[in-house]
Every structure is written in C-alpha cells, then in structure tokens.
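Peer 1: I have a structure I would like to understand better, so I am pasting it below and will then ask my questions one at a time.
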Amino acid sequence: MGHFTFIGLCLLAMFLSLSGAECYTCPIDWLPKNGLCYKVFSKHKTWFDAEMYCRKFKPGCHLASLHSNADAVEFSEYISDYLTGQGHVWIGLRDTKKKYIWEWTDRSRTDFLPWRKKQPDHFNNNEFCVEIVNFTGYLQWNDDNCAALRPFLCQCKY
C-alpha cells in the first residue's frame with residue numbers, strides 16, 4: 001500500500017509542476033525565454049530591413065526588446081555563441097522622434113537602458129537606432145545610423 005501511495009504522490013507532484021509550466025515551442029535553434037523565442041541572424045541588414053525580416057516570420061515578431069540585466073547577460077552569451085567577430089547587433093529600440101525618446105518596436109515599456117559611456121549621442125544628428133556592442137561582450141548599447149549593416153536579434157511569440 002505504501003508503494004502505491006508513494007507513486008501516486010509522485011505523479012500528483014509531477015502533474016502539478018507541469019500544469020504551471022509555459023506551453024510554447026520555439027523552432028529549432030531559437031532560444032526560448034519568458035514565453036518568447038529569440039534568434040540571432042548573422043545576415044547583415046539595415047535596422048529597418050532587419051525589423052522587416054523579423055516580421056516576416058509571423059504577426060507579432062520584431063527585433064528583440066530587452067528588459068533587465070539578467071536578459072542582457074543571457075542574450076550576450078547566446079549572441080557570443082552564434083557570432084564570432086561579426087560586429088554589433090541590432091535590437092528593436094529606436095528614437096523615432098529624434099528627441100532621445102527611445103521606443104521598442106513591440107511597444108513594450110522602455111525600462112532598461114544599459115548605454116555605453118557617453119551614449120546615446122545622436123552623433124552628427126544621424127544615429128537613432130540601437131545596437132548591442134560586441135566589444136562590451138554584447139552587454140552595453142550604442143545608438144548608430146539606422147542604415148548601417150549589422151547582424152540582428154529577432155523575437156517571436158510561438
């Protein structure tokens with residue numbers, strides 16, 4: 001009797017733990033995180049072309065938004081694993097009004113901005129899109145010309 005009780009309790013615990021788990025499946029080679037799927041692409045595109053490339057996967061896909069230092073650390077490791085020496089990486093943040101008002105393409109809140117020292121600067125009044133900088137270990141951000149060609153990080157909800 002004790003053996004069956006133990007098995008029953010184990011099955012109940014397994015069921016309860018699984019019922020609270022997120023139910024989404026990312027495509028192969030995409031990183032699952034917080035109910036979204038992320039993928040870094042080594043193709044070099046302008047910021048706008050990268051955003052359009054992300055959107056082609058399905059409605060709701062965009063260049064990635066990052067909201068915490070924990071996110072930044074995890075993505076820096078992910079990007080470093082896939083890109084070696086390929087430069088900075090576009091993310092979904094830009095200054096559409098050109099007044100230092102930074103907005104995510106997915107319209108999520110702008111609550112985390114780990115800028116490099118003396119950034120953003122809108123250098124030559126020509127830098128309004130945001131990249132993760134490779135020589136900071138992909139941990140800090142810089143504003144750059146949106147026409148620059150960069151690898152990029154997409155996010156999708158699957």
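Yeah, the Cβs are placed from backbone N, Cα and C, and that goes for glycine too.
Per Swiss-Prot, the feature Ca(2+) binding site maps to GLN119, ASP121, GLU127, ASN142, ASP143. What Swiss-Prot records for CYS26-CYS37, CYS54-CYS154, CYS61-CYS156, CYS129-CYS146 is disulfide bond, and it gives sequence analysis as the kind of evidence. The feature domain 'C-type lectin' is assigned by Swiss-Prot to 33-155. The N-linked glycosylation site annotation in Swiss-Prot covers ASN134, and the record cites sequence analysis as its basis. Feature annotation from Swiss-Prot assigns signal peptide to 1-21; the stated evidence is sequence analysis.
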Peer 1: If we check Cα distances from ASN142 (Ca(2+) binding site), which of the recorded positions CYS26, CYS37, CYS61, ASN134, CYS156 wins as closest?
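Peer 2: Result: the closest of the recorded positions to ASN142 (Ca(2+) binding site) is ASN134.
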Peer 1: For the recorded Ca(2+) site, enumerate neighbouring residues of the same chain (Cβ within 8 Å of the Cβ centroid of GLN119, ASP121, GLU127, ASN142, ASP143, site residues themselves excluded), in sequence order.
Peer 2: TRP115, ARG116, PRO120, HIS122, PHE123, VAL130, TRP141, ASP144
Peer 1: Given the binding-site residues GLN119, ASP121, ASP143, which lie close to CYS129 (disulfide bond), meaning Cα to Cα within 10 A?
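Peer 2: Among GLN119, ASP121, ASP143, the ones whose Cα sits within 10 Å of that of CYS129 (disulfide bond) are ASP143.
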Peer 1: Using C-alpha atoms, which one of the binding-site residues GLN119, ASP121, GLU127, ASP143 comes nearest to CYS37 (disulfide bond)?
Peer 2: ASP143
Peer 1: Cα of CYS154 (disulfide bond) to Cα of ASP143 (Ca(2+) binding site): how many Å, rounded?
Peer 2: 18
Peer 1: In sequence order, which same-chain residues at least six apart have a C-beta under 8 angstroms from GLU127 (Ca(2+) binding site)?
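Peer 2: Within the chain, GLU127 (Ca(2+) binding site) has Cβ neighbours under 8 Å at PRO120, ASP121, ASP143, ASP144, ASN145.
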Peer 1: For CYS156 (disulfide bond), which of the recorded positions CYS54, GLN119, ASN134, CYS146 has the nearest Cα in space?
Peer 2: CYS54
